[in-house]
């Protein structure tokens, strides 16, 4: 889980280009703040990824609870950052305008912590159910869980839409769950 140094961050450059195409003035304040925070921490990480990722081993056994706050805002590489922040950009524009900035900021803060807790609980359950201690070591970073929660929320506020998932047209109500399964099988971990 170490970032490669000394290379062009094409994903970061593409992200900055996309933000400029939307126009900073068109991005609501909390959404823009989340984008800036994630980009800043990508360029200036608080600690190495191995010290901010969240896992059963680190959070429960070693009691390094600060990982719950740090892991969502760190990304494995520039493409991980790009895909997460492009998703945040569009979901943030839609939801922050609808919910207003203070409520949206509250939701982001709560989801950011709760996603780590849910991740730990699920990994802990896998350890117990499958009797496989390797799940205690799975360590995750990134904003994907928060984005998934925002997608569910967005689907709640915009019912009846249809999404395309891997070329199949699916009701947006179910698309996020199909996407979650597809991501798991295409890119486990």
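In case you wondered, yes, glycine gets a Cβ from its N, Cα and C as well.
In TrEMBL, annotation is done automatically, which means it is predicted and not curated.
Pulled from TrEMBL, these are the features on record:
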DOMAIN    63-161  domain 'Peptidase S54 rhomboid'
TRANSMEM  102-122  transmembrane segment
Next item on the list: State the mean pLDDT for the domain 'Peptidase S54 rhomboid' (63-161).
Entry: 91
Item checked: Sequence-remote partners of the transmembrane segment (102-122) [C-beta within less than 8 Å, at least six residues beyond its ends] -> 28, 30-31, 33-34, 54-56, 59-60, 67-69, 71-73, 92, 95-96, 140, 145-146, 149-150, 153
Notebook entry, point to check: Under DSSP, the domain 'Peptidase S54 rhomboid' (63-161) has how many residues in helix, strand and coil?
Noted result: 77 helix, 1 strand, 21 coil
